[in-house]
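In what follows, a single structure is set out as structure tokens and then discussed.
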């Protein structure tokens, strides 16, 4: 039972903020179920018009509707509340209270404070939703079964309230009784249906029940297509914007686009005089078809009809009757949802179940030609009316029967209505991206964003007030400690007022400073074209909504970092924007392997070395998503700040393969070299079955599969499926299915354990996932440790060596180790040095150096130089300074007494930015001062504004003449600006502070290390 609540508007709300307004939103609660509306900014008469739906378990519950005022820094303020008893709604006429203004009550019962009013519509849905089944036995309601909450082909953002329907009924014109009879024909004599024991089924008639035969017989009084359209128009007028039902749990059997409008496709499929319907009956050979008229029910809120037919007799079975009910759950002119339920009591165990099929017709994507297209999605499930031991076999028969029948259905429909070619959809990418242009923000708009606030306004008014006071005031006599030119406060009140004025002016000056820094648009990876052939990922960043504000000004300086297959792209920084507009396009260089996920992270910019504040993050999973659905999508952000503000990003994502040739064959050839064994290309039928088994997109292809055992409490025999992006396991024992998969990128480690008695003498492959990854596959995990890592154990492979080599090759292809990344960076650095002939240091003379650090260390120069020696002291010092994955090349002689090397590491301070540091160092001997000169050029990768500058360091070490075994160190610092930016001072200051901290830490460690060595030598 569903309670529908529509929150329309409120009026005369009290002002809760100092600006004389409120930021109201509504929170609804029924039992443990909670929902809330959006926040309406600065409004005392807000309008929402949002619908909500709650499951009702107890009529004694109360619906609590609270109005609150959003506060960004403290707890939200309570405005008022309404309590409505569920039993009051249930006992009302038509189970509806109508649309009524309710007074908001204060928290304290005795208070007479006027809290305003709220307009609500509260009612019960007159019939259960398609997912709230009322039958008994094995059936499960949608509110309790996670299997029924699959992703809908309709936009999930509209999932506010369920659609209304009659009792769930109706399945398509196609049946699957033949599949059942083939399964049960061997047991037809001993196994009789629960409710059909009096019926005898001739085994000679069990052949073509899965080929329904329809001969259309319409009576004169049945509804015409005109009355059918009138009924739908009446239903459309009463549509309340409810959410179309989600796909049913049995799976999707048709998901196709057609070049026709949704309303026309609906007429083609369900009009009483439809020529398609007649052609389908002729093709499938069904006779004695009786199509009832469409009738309005529930005061026109739903439309329903009944169809009956007779299956033709065959050599195996006699004729079988079927009754089908079709009910419109939704019809609003754009989206149509029809639930069909079919009963076939004459098939074996036919009295124990009904089959339900859901047809969803919705608008398709926009085509370049401008023509309308529609998306047809057909899903199914079994509704068991009573328990039966043959449930697993019935489900298998239904699945195969529906698959065969709807292949005929889709092929016939494609002959009547032109399907959309995938090439036409691909062209839509160019059209979708061509309209995106990143427009620079004007200085006037930026000034309004910075200065249109209470701080500036109050400071301006106070300044005018003080100025007028100075004009009219008489100068006071000099007293106390005052003298000419110095006028001190003469009272505590004057002192407080002076302090307030100083603080206000300071804040205004800070705003002016930030405004001057933010005037110029900052660079990004927007417009950088991808290189190479392969899988090309294109991401269009449109806008962000309700990003969290971390600055005292109530705004943020957001930018986005996209990461896929180890490659990153960074957007520009939008200053003082909580709802920024980007309109930027990012292309990732072509990848040999199709990407599995796209990680999206939103940061607030405050200097390249400051601790990054994450405003939210999201993950776009290409394996679980249909790429066509990502062409225009709103991605909700995760994280404490993002979820509190309900932050979202508007993205357009396209994934194409730009290389020629056979993608599958090329990839398999690469894997064959790693495995050392030929890998056969799987047939299209096998690949299609693999994709449907795990719900994968069409570009996913099967590489190999192995029979093995999954080790849990008890070994489970099944098959391990390996593709370019996933590891999947499937087993079906006595009708109990075990199915899961996880990504190669989720695997942290793969181990091979020696054979044991429990593994039946076979080696065990242990796959350990990264913390909190692959949680959807935890059903197959052997253990789940305290760090949140899942471990999967597989053993008893028929050919263990081939399976192990294939697994390791695929894992290595998707997961590069840090050493491999270091090696790649070193090779790239060497090639760059050779091509530029050590030209990195040619510009050092143009850099302005300033001394930033100097001290005298009680260590000899020879020991100090171990800091650059590449040995244990070098490594420990870098780790102590927060440098991860540190690697360095050996010193090589460039010319007389000049040596050079390259280093690579990840700095903890910028690791949140996915930043890496590469540097080139040169050292030369200074004989006249008995010391060394070390020069270093550092380049920051993946850091905001990192491509705007290079860092230059110069270390001068010389032996102290006054004290033996003492080194005098001076460090000089300079920045080589490659591009102009108004943030030079801000970036320079940020880097300088962090550099000084790092030098103190490094030199302090060096002194302690030398002291410990001296003590060890004295002991020995």
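Each Cβ is built from the backbone N, Cα and C atoms, and glycine gets one as well.
From the candidate list 17, 61, the residue Swiss-Prot records in the Ca(2+) 1 site shared with 23, 69, 71 is 17. Checked against Swiss-Prot, the range among 412-432, 433-453, 454-474, 475-495 recorded as transmembrane segment is 454-474.
Of the candidate ranges 95-133, 134-172, Swiss-Prot annotates residues 134-172 with the feature region 'Disordered'. Other C-beta atoms found within 10 angstroms of the C-beta of residue 557 (Ca(2+) 3 binding site) number 22, with every protein chain shown included. Most Cβ neighbours within 10 Å among the binding-site residues 17, 23, 71, 551: this distinction goes to 23.
Other residues of the chain with a Cβ within 8 Å of the Cβ centroid of 17, 23, 69, 71, the Ca(2+) 1 site, are 16, 21, 22, 24, 70, 76, 77. For the recorded site, residue 604 (Ca(2+) 3 binding site), the DSSP three-state label reads strand. Taking CA atoms as the reference points, residue 71 (Ca(2+) 1 binding site) and residue 557 (Ca(2+) 3 binding site) are 20 Å apart.
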